[in-house]
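Q: Following this message is one structure expressed as C-alpha cells.
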Amino acid sequence: MSHVVSPIRETLVGGGRSYHDVTQDICKQVEGEPTKEWKIAFSVSCVIFAYGAYCLGYTWWQGIGVWGLNKTVGWAWDITNFVWWVGIGHAGTLISAVLLLFRQKWRTSINRAAEAMTIFAVLCAASFILAHMGRPWLAHWALPLPNTFGSIWVNFNSPLVWDVFAISTYLSVSLVFWYLGLIPDLATIRDRAQTKASKFWYGLFSVGWTGSAKTWARYEYVSLILAGISTPLVLSVHTIVSMDFATSVIPGWHTTIFPPYFVAGAIFSGFAMVQTLLLITRVAFKLEDYITMEHIEMMNIIITVTGSIVGIAYLTEFFIAWYSGVEYESYCFINRAFGPYWWAYWMMMTCNVISPQLFWFKSIRTNILISFILSVVVNVGMWFERFVIIVSSLHRDYIPSSWAMFSPTMYDIGDYIFSFGLFFTLFFLFAKFLPVINMAEVKAVMKGVSSNYPYKKKSEGGKESVTH
Amino acid sequence: MNTTEKYLVGVYDDEDEVLHAVTEVKGKGVKIEEVYTPFPIHGLDTAIGHPRTRIPIAAFLFGLTGLTCAQFLINYTMVFDWPMIIGGKDFFALPDWIPVTFEGTVLFTAFGMVFTFFVSNSLWPGKTPKTFDLRSTDDKFIMTINMGTNKKSEAEIEEILKASGAIEVNVKQF
C-alpha cells in the first residue's frame with residue numbers, strides 16, 4: 001500500500017510478523033479451548049454478576065427506598081455510577097472515530113477492544129438509568145410513544161429527554177460501528193473454521209463477506225462516514241449528560257463550563273479504562289507484539305492531556321465561583337473543598353489532577369506496572385469527581401434544617417457491583433469468542449509500521465518467481 | 001448452454017504486487033472480474049475499473065430523512081398535538097430541539113447507510129459466500145478472471161498472470 005510513513009516512527013507490530021502470523025495469533029484465542037485463567041476469571045465475574053443481579057433485582061422489586069437516599073440528597077450513587085460508566089464508554093468511539101479521522105495508525109490494534117468496552121460500559125450505565133427511574137417497567141414512558149393519556153408526549157425541551165435520545169443513539173451507532181468492523185475478521189475465522197458450530201455461527205454473522213475490492217471500497221467509505229458522524233455524536237453524548245446538571249439551578253451544577261469539562265473527563269476516564277483492560281489483555285493473550293510500548297505511551301500521553309484539561313476545569317470552576325460574586329456558588333465550592341465531604345474532593349484532586357502529571361516523565365509513562373496502577377487511580381478519581389459534583393452540591397440545601405449527609409446501603413454498593421459483574425462477564429465473553437484485535441486493520445498498516453516485515457527481506461534477498 | 005462458470009484464479013502474496021499486477025494484466029487486454037483481499041488496498045477498486053461508490057450520497061439522503069423525521073415528530077407533539085407552556089418558552093422552541101434533531105440525523109444516517117451497504121453488496125446473515133480461495137481472508141490476494149468474458153486462451157492468461165507476479169494460478173468452477 002502506498003502509505004508514507006516517517007522512518008522515525010516506532011514500529012506498531014513487533015516480532016517480524018507476516019500477515020499469516022497475525023491471523024494465527026489472533027484467531028488462536030477464538031479457536032482454542034478456553035484457558036484455565038480465562039475460566040477462573042469468567043467464573044469470578046459470573047459470581048460477581050449473580051450477587052449484583054440479586055441486589056439489583058431487590059432494588060427493582062422493593063423500589064429505590066432501599067438506597068441510602070434522603071429528602072435532600074435525591075441523587076447519589078445511581079447517577080454517579082451512570083455518569084462514570086457513560087464517561088468510560090467514550091473512549092472506544094473516540095479511538096475508532098476521532099483517531100481514524102486523524103489517521104492515527106496506532107489505533108488499529110486497540111480499537112476493537114476499546115469499542116467493545118464502550119458498548120459494555122454504556123449497557124452498565126443504562127442499568128443505573130433504569131434502576132433510578134424507580135419503576136423500570138415504565139421506562140418506555142421516556143420515549144415519544146402514542147398512549148392512552150391523550151396522547152401526552154415527552155418534553156423535548158428537557159435535557160433528560162435529550163439524554164434518552166443521545167444515549168440510545170450512541171449505543172446503537174457504536175454497536176453498528178463495532179459490528180461492521182468485525183465482519184471481515186469474522187469471515188477470516190469462518191474460512192479457517194474446523195468445527196460445525198463455529199462454521200455455522202461465524203458464517204451466520206460474517207454475512208457472506210468475501211473481501212472483494214468493490215466491497216472494501218464501499219466499506220472504507222462507510223467507515224469514514226461513520227467516523228465522521230460518530231465524532232460529533234460522542235461529543236454530544238457527554239455534553240448532554242452534563243446538561244442534565246448544567247440546566248438546573250443547583251449551585252455547583254449551574255455552570256456553563258460543564259459540557260467541555262465533562263467531555264474531557266469522559267475521554268480521560270475512558271482512556272484510563274482502555275489502558276487498564278489492554279494491559280491485562282496483552283499479558284493474558286500474549287499480545288505484546290501488537291499492543292506495544294508505543295501504544296501504552298500514546299495512551300498515557302492522551303491521559304495526561306485530558307487530565308490536565310480536567311484540572312484546568314476544576315480550577316476555573318473555583319475561580320468563577322468566587323469571581324461571579326454569587327454567595328451560593330462560593331459557599332458550594334468552599335464546602336466542597338473544606339466541608340464534610342473534603343476527603344472526596346481531595347481524593348478527586350489527587351487522583352485526577354496530580355497523578356496523571358507523573359506521565360510527563362518518560363520512565364514513568366513507559367513503565368507498565370505504574371501505568372496500570374495510575375490507570376486504575378484515574379478511574380477511582382473520576383468516580384469521586386461525579387460523587388463530589390452530585391452529592392456535595394446537594395447535601396447542603398438552601399435551608400440549614402434540610403442539611404444532610406449520604407451514606408450508601410448494601411444495595412447502593414450491590415448495584416454498583418452488578419455493573420462490574422455485567423461489564424467483566426461481557427468483556428470475557430467478547431475476549432473468548434471474538435477477535436480482540438482488528439486483524440484486517442492491523443494487516444493494512446503493517447507494511448509501514450511493522451518491524452522487520454517479510455516484504456523487506458524478500459526484496460533484499462530477491463525472489464525468483466517475481467519479475468517486474 | 002454451459003451452466004458452470006469457469007474462472008482462472010491468480011494468487012498473489014503481496015498487496016503492492018497485486019496492485020501493480022492489476023494494471024499489468026489489464027494492460028495486456030485481460031478482463032479482471034474482481035480482486036479479493038484480506039484488507040482494504042487503496043486504489044485497487046479504481047485500478048480494476050470499478051465505478052466510484054455512491055454510498056456517501058445515500059448517507060446524506062438518510063441524514064436528511066432523519067433530520068426531517070425528528071423535526072416533524074417534535075413539531076407535531078410540541079406545537080400541534082398537545083402544546084404546553086414549559087418554562088415560559090415558545091411552543092416552537094427550536095434551540096431546545098437541536099440535540100434530539102441531531103441525534104435523529106445521526107441515527108438515520110448510520111442505520112440507513114449500513115443497511116444500504118449490506119444491500120448493495122448483497123450481504124445478509126447466513127449467506128454462503130462465493131469463495132475462490134480460502135486464504136483470501138488470511139494472507140493472500142486473489143485475482144479472478146472469468147473465462148466466459150475473456151477471449152484469450154487459458155494458457156495465455158495463465159502466462160500473463162504468472163508474469164505479473166502470481167505465485168499460483170488455479171482453475172475454479174462454479
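Heads up, the Cβ atoms here are built off N, Cα and C, so glycines get one too.
TrEMBL feature annotations, pasted as is:
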- A:40-62: transmembrane segment (TRANSMEM)
- A:82-102: transmembrane segment (TRANSMEM)
- A:114-134: transmembrane segment (TRANSMEM)
- A:160-182: transmembrane segment (TRANSMEM)
- A:221-241: transmembrane segment (TRANSMEM)
- A:261-280: transmembrane segment (TRANSMEM)
- A:301-323: transmembrane segment (TRANSMEM)
- A:343-361: transmembrane segment (TRANSMEM)
- A:368-396: transmembrane segment (TRANSMEM)
- A:416-437: transmembrane segment (TRANSMEM)
Q: Decide whether the stretches the transmembrane segment (A:368-396) and the transmembrane segment (A:221-241) have at least 3 CB pairs under 8 angstroms, with pairs required to be 6 or more apart in sequence.
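A: They do not touch: fewer than three Cβ pairs between the two stretches lie under 8 Å.
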Q: Between the transmembrane segment (A:40-62) and the stretches A:82-102, A:343-361, A:416-437, work out which stretch tops the count of Cβ pairs under 8 Å.
A: A:416-437
Q: Same chain, outside the transmembrane segment (A:261-280) by at least 6, Cβ under 8 Å from its Cβ: which residues?
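A: Those are 83-84, 86-92, 94-95, 110, 113-114, 117-118, 121, 235, 238-239, 241-242, 291, 295-296, 299-300, 302-303, 306-307, 309-310, 313, 317, 352, 356, 368, 371-372, 374-376, 378-379, 382, 385, 427, in sequence order.
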